[in-house]
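These come from Swiss-Prot:
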CROSSLNK  LYS109  SUMO2 cross-link
CROSSLNK  LYS400  SUMO2 cross-link
DOMAIN    6-78  domain 'KRAB'
ZN_FING   131-153  zinc finger
ZN_FING   159-181  zinc finger
ZN_FING   187-209  zinc finger
ZN_FING   215-237  zinc finger
ZN_FING   243-265  zinc finger
ZN_FING   271-293  zinc finger
ZN_FING   299-321  zinc finger
ZN_FING   327-349  zinc finger
ZN_FING   355-377  zinc finger
ZN_FING   383-405  zinc finger
ZN_FING   411-433  zinc finger
ZN_FING   439-461  zinc finger
Amino acid sequence: MAQGLVTFADVAIDFSQEEWACLNSAQRDLYWDVMLENYSNLVSLDLESAYENKSLPTEKNIHEIRASKRNSDRRSKSLGRNWICEGMLERPQRSRGRYVNQMIINYVKRPATREGTPPRTHQRHHKENSFECKDCGKAFSRGYQLSQHQKIHTGEKPYECKECKKAFRWGNQLTQHQKIHTGEKPYECKDCGKAFRWGSSLVIHKRIHTGEKPYECKDCGKAFRRGDELTQHQRFHTGEKDYECKDCGKTFSRVYKLIQHKRIHSGEKPYECKDCGKAFICGSSLIQHKRIHTGEKPYECQECGKAFTRVNYLTQHQKIHTGEKPHECKECGKAFRWGSSLVKHERIHTGEKPYKCTECGKAFNCGYHLTQHERIHTGETPYKCKECGKAFIYGSSLVKHERIHTGVKPYGCTECGKSFSHGHQLTQHQKTHSGAKSYECKECGKACNHLNHLREHQRIHNS
């Protein structure tokens, strides 16, 4: 009655010490269920083997093994230390009866060397990376890794959430996702009390307190708390952009940027403001938008004390103090503090207006102007005065309006000292000193120093 040994390293799943310690009892039970299922599937592939064995386990025995293993964690607690089980999969012989191949697992109990030691399989005998994907050529050291990887090509997502119908490629992804609906956060930081859905998130979070940054870039020496941060950072050195949009061909160095970009094509805006209902493509845009309602301006200039809702606004503002204008137009030589201003300016020379209103067809040379224009059609007035409740389409209009309540007149004439609340008022006033009359009537040639004076004059011709 010889039995042939079959390695199951290609279907085994190993956890590190750190990962195993983070699993709760339910997750460990799930692990054993998955392992048993994998073993059963492997054995079922060898139904044609004809051996003899009078001591094959019945289906009842298999269920007893499964039930016994599920209680292993609870039994280990009563013993005061952890026990782990080692499994050896053997190819059973077929008896003269009507037995089919079943799984023989010889569980050998032994105490763990350290608290929370994960289960270990026996030594592997196959070559590393011997399982290759026929679609992309990527190789794996285990068969189950290849099986999981192939779901990327097939698009198969067999694990569906009953709450929201979202589907996943792997069962552990579904388990983690379901915590979003239950609100379960079993992993709590002992230092600050912050709780997490997943143990891996807690492990990474703890590095904030310890200052540990184990992932270091070999090119520049910069260190990171997470491995994926290092991977993303290294693409700055290599220029690698692995993630390509199938709709327009644009490539990205980070997958989350591709996900956000795809929403431009799909029109999806999953992040909605509860105050005004406005929706956004990405969460960071919603956070920034909320500051309009709260008035929060966390980024303050150390030179003048002016505060901003976004850090890039502060960076741009600081160039006012330094006088820096590094972006110069090649057509006319005009220089700008910000690259975006140069791009917009160049459209004056080219006549390009890429931003078109779908309601009326009017086109603009920058997206911001289109966004503001669209509010004329929607009636949206997101900028509200806290003093009187008056609302405005544009933020600049609110700033100007607030000066009525504060009495601030920041625009002073250097000739006579007279101050104004708006810049255009000062510009018009200065013409009284210079004698400039820039508004000329096309009918009679008369010139005026104010646009409203020209309009009043033109009524003479119209009447």
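Cβ atoms are placed via backbone N, Cα and C, with glycine included.
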| field | Long-range environment of the zinc finger (383-405) - Cβ separation under 8 angstroms, sequence gap at least 6 | value | 292, 295, 372, 375-376, 421-422
| What does DSSP give as the helix, strand and coil breakdown of the zinc finger (383-405)? | 11 helix, 4 strand, 8 coil
| request: Quick one: find which recorded stretch in 159-181, 243-265, 327-349, 355-377, 439-461 has the most Cβ pairs under 8 Å with the zinc finger (271-293). | output: 243-265
| remark: With the greatest number of Cβ pairs under 8 Å to the zinc finger (411-433), the stretch among 131-153, 159-181, 243-265, 355-377, 439-461 is 439-461
| How does the model score the zinc finger (215-237) in terms of mean pLDDT? | 86
| remark: Using a 10 Å radius on the Cβ of LYS400 (SUMO2 cross-link), the other Cβ atoms enclosed count 15
| Which stretch from 159-181, 355-377, 439-461 shares the most C-beta pairs under 8 Å with the zinc finger (131-153)? | 159-181
| task | With DSSP as the reference, give the number of residues of the zinc finger (131-153) in helix, strand and coil. | result | 11 helix, 4 strand, 8 coil
